Amino acid sequence: MNKRKILVPLGDKSYEVTLEAGILNNISEELLKIGITKKRKILVISNEEISNLYGEKFLNNLKDNKFQAKMFLIKAGESYKNLKTLSEIYDVAFEFGLDRNSIIIALGGGIVGDVSGFAAATWLRGIEYIQIPTTLLSMVDSSVGGKTGVNHPKGKNLIGAFNQPKAVFIDPETLKSLPKREFSAGMAEVIKYGVIRDKELFEYLEIEKNKNELINLKNEYLIKIINSSIKTKSNVVSQDEHENGVRAILNYGHSFGHVIENLCGYGKFLHGEAISIGMNIAGKIAIEKGLWSKEELERQRILLESYDLPTEIPKINKEDVLTILMGDKKVRDGKMRFILPKEIGAVDIYDDVEDSLFLKFFS
């Protein structure tokens, strides 16, 4: 049986991630199992692309099983992850009569999940929500851990809340319709888990046969890497839900990734592609500080590139890099904190990195 359940242990906010091929076809049954009764209204939030693939079937499954469900589609793309979209969700929630006993389901990638989770956190001071991620990146990263929010013109995710979902359902079948580039972008986050905490996963991803089966989207192999990634994330989040300490290691590659996304213009690089370049920069800094070997940096680079991810650092202005980094949420008391690798499978947090040490990598 290929059904996996992973507990995210957070006391009274604990929840399960259920991972199974084809689970989307039995969604009503799964909702009943976790206590979602048919009296509760369900607002499904998705986007047009996902809706065209699964939306109608998903909504019909709920309605055929006598759930009171409505679907609202938000526009796709990072530029729509904003307060205007959030306000549109509130309008629909009001018209549909979403009360405190109602529930929001996020059906889509990371943007759908982030916006839906924040809408749930703030509608009537908080209602329950469920994550059903449909991209590899959202499966292994944003759907687990409770980070929700929208962007502000001054930066990504500046408006948000920690809001844990009631449950997460993952169906690797949805990856079959994912563009190849999006799949590769998701692999950046999987490789990240290998570098920060899971040497065994890193080595599994290096094996040629596994690589081929993953690129060919074989469920058994997908379930293995998604399961490993979520276990690592669950373990870290359960120790530090609000990112006051160890949870920051999940941001390996992200500080420089956000710099690249921001300065190259959102859209030039997918999030995972920017993270891949960010991991390469962090790896180079680790060599400058004598933390890990050139061989390990090279293994990381080769693995990223073998999944069609970029590692070359784009030409961007050094002063702009500093400005963006100082606005990073990981800055504490005016000090930038960097997640740097010590070896494959272990990283640490450093706040003693001189500007000159990383600015040399930017033209």
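Just so it is clear, glycine is given a Cβ too, placed from its N, Cα and C backbone atoms.
Feature annotation from Swiss-Prot assigns NAD(+) binding site to Thr134, Thr135, Lys147, Lys156. As annotated by Swiss-Prot, Zn(2+) binding site applies to Glu189, His254, His271.
Overlay of Swiss-Prot annotations on the structure.
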residue: Thr134; record: NAD(+) binding site; DSSP (3 states): coil
residue: Lys147; record: NAD(+) binding site; DSSP (3 states): strand
residue: Lys156; record: NAD(+) binding site; DSSP (3 states): strand
residue: Glu189; record: Zn(2+) binding site; DSSP (3 states): helix
residue: His254; record: Zn(2+) binding site; DSSP (3 states): helix
residue: His271; record: Zn(2+) binding site; DSSP (3 states): helix
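Every protein chain shown contributes to the tally, and the Cβ of Glu189 (Zn(2+) binding site) ends up with 25 other Cβ atoms within 10 Å.
Between the CA atoms of Lys156 (NAD(+) binding site) and His271 (Zn(2+) binding site) there is a gap of 11 Å.
Straight-line distance linking the Cα atoms of His254 (Zn(2+) binding site) and Lys147 (NAD(+) binding site), rounded to a whole number, equals 15 Å. On the backbone, the CA of Thr135 (NAD(+) binding site) and the CA of Glu189 (Zn(2+) binding site) stand 12 Å apart.
Of the chain residues outside the Zn(2+) site list Glu189, His254, His271, Leu137, Asp141, Ala188, Lys192, Gly253, Gly257, Gly272, Ala274, Ile275, Gly278 have their Cβ within 8 Å of the site's Cβ mean position.
Listed in sequence order, Asp114, Gly117, Asn157, Gly160, Phe162 are the same-chain residues at least 6 apart in sequence whose CB falls under 8 Å from the CB of Lys147 (NAD(+) binding site). Thr134 (NAD(+) binding site) is 15 Å away from His271 (Zn(2+) binding site) when you measure Cα to Cα.
The Cβ of Thr134 (NAD(+) binding site) has 28 neighbouring Cβ atoms from other residues within 10 Å, across all protein chains displayed.
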